[in-house]
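Read the structure below first, then the notes.
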């Protein structure tokens, strides 16, 4: 990631503006030194013809308005860069595959967002450093002009300071990088604490463990590393400041003893050194900022690399499949998938799966924990891609560039479904929507639903079972032909569970929908045309309900 190229992309005049700023600062710095030292020495340049004060005023005005322009320019660039980096994270994520996101984890996404906040300061830090660097170069040039030996000593001291800062900065960067790694772990601990707060409250041992053995040690390590790093950084600044004082002392006391006529330009030399203290201090201070930015940039590059290597790398929704508008079938042909189960510390493998689901089918999927049914649903929904074998839509292979289109043909409610606070699907959520009000009534939510017509949304402050019903309403408003429900009925009360199996699913079939539902409610298995059972990563049984099955409604290879 080349931040200078990004800045140039955001502003075509970036380098030209930077050159203009450098020229103005160089002119102002040189003139300021000439004027001040000339006045101290009681001299003025002959070519000015006593107009030095007018030129001084003109330079002040030019410098002020130049600085003001670059303040606005810098602010604009800073937030442009921040927005671009921030949105680029979500842009890459939304076009990545689900497996890539799982490998990264929510914690890494959140910490990389904090890295973006650090990086967006780059324009300000870079321009300030550039400005200070120009002033340092002009000051050093002036020193060489009035006394080469003294200027050489100052240059050597500056080079030594630079070497010291570089070596100390390597250790600082290592510690700050370690603290950044601990931030990833901390985000995970915080997520566990907040999202599992009920579980934390239910066990004193669990509460003590997460606090005493995870949160406290993590923060203690981060504090130690941060204090150590900041102490070193402040030490750098202190060393730089007092080295400057030592140089002034050398010019005041040592050089006059060693050199004749050393005092001829002693006053000018001291003034120039004092002039340089400010710009040098800026450069020293910005070293810390550049260190933090380098760490942040490395982390973002690592994030992008992992996301790119784990996904197709395409920043688009792929292409549509060359199929007719009407859905006919989804077919699994020798589909295999495997992953490492971190909780069980073993590799789970879904054995070659051959299955066909045709238009209008009602299919129940069942099986114990670790049987493969959830993996099947992830493959069916297009969130997982097969490691071998092929999934067909209307007898046409679903290839990587078609997966976004394929997912868009299905409506899914997962067992851990999330209801957003905003209406991202653009539904008309108002009481004037007859279909919406009819669905709310069918889902028995009329007395609990709060419709915010002003913001076109519905409150999601509902029980888990009611949230699942609201999610089903949204799913039906999508009006897609294939519906996937992962343990949807698990949080429903017994009465509404019966409504779901005996009324809602038959109604969906009458509307021509294809329904695939994961369920453990064996007392309702008769409500489906087919019941597919998974055990140990493979289909162990397919039960056909002859009374519901229509001719050629389902085929198993």
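Each residue, glycine too, has its Cβ placed from N, Cα and C.
Because TrEMBL annotations are produced automatically, they should be read as predictions rather than curated entries.
Within the set 35-52, 53-70, the record from TrEMBL flags 53-70 under the feature transmembrane segment. TrEMBL lists transmembrane segment at one of the ranges 100-116, 151-167, 168-184, namely 151-167. With a cut-off of 8 Å between Cβ atoms, the residues of this chain six or more beyond the transmembrane segment (269-287) that come close are 29, 32-33, 36-37, 40, 125, 128-129, 131-133, 135-136, 139-140, 142-143, 146-147, 150, 154, 158, 161, 165, 169, 233, 236-237, 240-241, 244, 247-248, 251-252.
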